[in-house]
Amino acid sequence: MRMRNKPWALDFLSEHKSFIDIDESHQLDITSRFKKQQPIHLEIGTGMGRFITTLAKRHPEINFVGVELDKNIMIRVVEKAIEMELDNLQLVLLDANHLRDYFNADEVSHIYLNFSDPWPKNRHEKRRLTHKNFLKQYKEILKVDGMLQFKTDNRGLFEFSLEHLNNFGMKFHEINLNVHEMESPENIRTEYEDKFSSRGNLIYQLKASF
Ligand code: SAM
């Protein structure tokens, strides 16, 4: 996702520190940022945040954390969180390569990856968010019965993910090759999902545990 650089982005984000951590000051302490102590669900690569803000509104009994590395994009998520008055959502400006330093072991119940960047070139394989280097981190921060949920329109990335999760010994709970056929009311269409499905692309989803 490309978004024009906003020189004021960090100033804006730092004015809203009740919603967002911009300098990892709550590393290993994100749980204490929530009013209620309840399960934590994490989305990695929120983009503009429609998915996580909608989910947080629907599920006040869950605490949500959204991780995104681009400060310009994160502005849009913060704006939504303010408008929707969400007190069960915290945002973190972070590269997912550092997840394990940020979250405690067994702290998270569910991880969502939505339309992650496909990085189609082989030499960029390690940047894919379902590469085994990321899976190792997810395994550590997820609770024993925690779930990884991944949705994409990218057939190549979906096949790569099925193969790599399987090689990692993960257990599949759902493999859906057409999410929009008999779409569940639980499905929240992300900004990218709308864009790609309007072009006629199929939407794939899997759910798996370690
Ligand atoms: N999930 C959104 C959606 O479905 O509309 C956005 C999808 S967009 C293709 C991927 C997003 O993941 C971008 O906003 C990008 O900045 C973010 N991202 C990519 N790699 C990341 C990483 N290593 N850590 C955190 N965010 C990342």
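Residue numbering: from 1, along the chain as shown.
Yeah, the Cβs are placed from backbone N, Cα and C, and that goes for glycine too.
Bear in mind that TrEMBL entries carry predicted annotations, made automatically and left uncurated.
Annotated S-adenosyl-L-methionine binding site per TrEMBL: Glu43, Glu68, Asp95, Asp117, in sequence order. Per TrEMBL, the feature substrate binding site maps to Lys121, Asp153, Thr190, Glu191, Tyr192, Glu193. Annotation source TrEMBL lists region 'Interaction with RNA' at 123-128.
Residues Glu68, Glu191, taken from the binding-site residues Glu43, Glu68, Lys121, Asp153, Glu191, are distinguished by a CB atom under 6 angstroms from ligand 1.
Ranked by CA distance from Asp153 (substrate binding site), the binding-site residues Glu68, Asp95, Asp117 have Asp117 at the top as the closest.
The DSSP secondary structure for Glu43 (S-adenosyl-L-methionine binding site) is strand. Distance noted between the C-alpha atoms of Glu191 (substrate binding site) and Asp117 (S-adenosyl-L-methionine binding site) is 14 Å. Taking the Cβ of Thr190 (substrate binding site) as centre and 10 Å as the limit, one finds 24 other Cβ atoms among all the protein chains shown. Of all the binding-site residues listed here (Glu68, Asp153), the one with the fewest other CB atoms within 10 A of its own CB is Asp153.
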